[in-house]
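OK, TrEMBL features for this one:
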type     : residues      : note
SIGNAL   : 1-22          : signal peptide
REGION   : 51-85         : region 'Disordered'
COMPBIAS : 51-75         : compositional bias 'Acidic residues'
DISULFID : CYS199-CYS233 : disulfide bond
REGION   : 302-346       : region 'Disordered'
COMPBIAS : 313-346       : compositional bias 'Basic and acidic residues'
TRANSMEM : 521-542       : transmembrane segment
REGION   : 557-615       : region 'Disordered'
COMPBIAS : 562-577       : compositional bias 'Acidic residues'
COMPBIAS : 598-615       : compositional bias 'Basic and acidic residues'
Amino acid sequence: MKLDRGWIWGLLLLFSLAGAAAAAQEKQLELDVTDIDEDMGLDNEELNVLLEGEDEEEEMEMEEDDEATVMDEDQADKTDGTASGKAGVDANVSFQVTYKTPVPTGEVYFAETFDDGSLDRWQQSKTVKGDAEDDIAKYDGKWAVEQLKENKIPGDKGLVLKSRAKHHAISSMLNKPFVFQDDTLVVQYEVNFQDGIDCGGAYIKLLSDTGDLNLEQFQDRTAYSLMFGPDKCGEDYKLHFIFRHLNPLNKDAEEKHAKRADVDLKKFYTDKKTHLYTLVLKPDNSYEMLIDQSSVSRGSLLHDVIPPVNPPKEIDDPSDSKPEDWDERAKMPDPEAVKPEDWDEEAPAKIEDPEALMPEGWLEDEPEFVPDPIAEKPEDWDEEMDGQWEAPQIPNPACETAPGCGGWKRPTINNPQYKGKWKAPLVDNPNYQGVWKPRKIDNPDYFEDLQPFRMTPFKAVGLELWSMTSDIYFDNFIITSHKEVADRWASDSWGLKKLVASANEPGIFAQLTIAAEERPWLWVIYILTVGLPIGLAVLFCWPKKLDDEYVYKKVDPPRADIEEEEEEEDEEEDTAADEDKAAEGTEGAAGGRRRHRGEPQTSREEEEGTERLKR
């Protein structure tokens, strides 16, 4: 089978495009699962304990602390209802994982897991928002301690914002105030937008230690040292890091906003998974924001915040003004230029085409529209009120086959004589003085703060939020001075959530099907991706027919060739006859000699003699 080479290359190109599209889709749908050892810092022994729960000592601690266990469906079916309720069996999870309330491994300023199901450490605000309407000004949004809706781990609970279109405010005191001196600040907590998010935030505020802090009066105007966390409204997805810097001259606090994250944040708001948010702020004024232990933004408090911490040394003199004779024109009309005498400024831009002719068959006497002949005046038509009735207009049927009806007008074309209004050409301005700028003076408000890290100490953590979506889940707050402590805390808490969520993810084929249900055009890519390799394999690898399987049509050869072949055959026959005669003569003589001597004939001679008699 022979194929056109261009067609083959076309098929290969189409296959390459389909493969590229499939790879892009696979990248879009790939699971957000990374190496456990690298993400959470677990060694093999700890990982085995988390996944298998085979360590007897850990099991004894589990029973003493009334902790939860997630087991296989088969194991859950074999366990009775009472034991299941006590052990925390959940048949929706397809592998065994042991959950234990995390305990900080080092010194911390604040740690909260909500696993005890209470909000005893937390104070809900009892005040109102100052600049809000009366019907929504009160901080009456509801809070609850619940498990996750999806991928839950029995025994693990979190703080859930329950109301929508409400103001929420809740806060808790730290174990001890954090003072910005020589210690790194690490703030970390989990957020899950269980129902997505339309407009609202999930950030936290670290409330300043001002001496008069009252958590019952916590509101939007309560002084805070920094704010950190996700926020979204419309299609603007943000990760806030805002700190309040005190002006050393007038002691006013001004908010400084860190630069935007370097990655697209949308998936963290829409995938309904629990994500880990971490802020690391160091005494050298450097900061780093991480999501799921991956860096998304980093910078310096001195250079990467808006507005800058330190004002400029010089500013424009507000009393300076531009002189009246200051000439900022780099170019000017040529004063010596003169309009040409033949320049016609009145010539129109368009004129009628003098060479145009009315198309043949144009019906000048026929109007484009005529009254509808089948229209009838409505019975309730009142000429005194509605005026004289006229039939509605319809396209003239006589014009349907004609090139046009009505008065014919010549089409217009560009006027070759059109030049427009004359303007003198531009030349360099000999009096050009440049763009005027006011003179610079020393900034009376200038200061230089080389240690913006040293903010106002804080002694409480609070959530002051407005949301149009409910069921926002918060969990496992920790504030410490050591990143290693926060990482270990994450491995004991968020790490388990990630394991369960990853195990419950649908397979690749299920994900492809779900994606195709949302985007039907993906079926075309799937079919091309699967069908093209099969088609090409059949096309190039199918066994070809052997040459002897073909039946060729007989064609009469040219007469000249036949005559030559016949002559050659005659010559060959003559030569063969002569050789036979000579052989027969020799054999006859031999036979005669045998007969003359009385010797018997051989069997061959007898056969040849018989054959000659037959002839």
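Even glycines carry a Cβ here, placed using N, Cα and C.
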Across all the protein chains here, work out how many other Cβ atoms are within 10 Å of the Cβ of CYS233 (disulfide bond).
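Step by step: centre on the Cβ of CYS233 (disulfide bond), count other Cβ atoms within 10 Å, giving 14.
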Is it possible to get the count of other C-beta atoms within 10 angstroms of the C-beta of CYS199 (disulfide bond)?
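For CYS199 (disulfide bond), the count of other Cβ atoms within 10 Å is 14.
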Quick one: DSSP breakdown of the region 'Disordered' (302-346) into helix, strand and coil?
0 helix, 8 strand, 37 coil
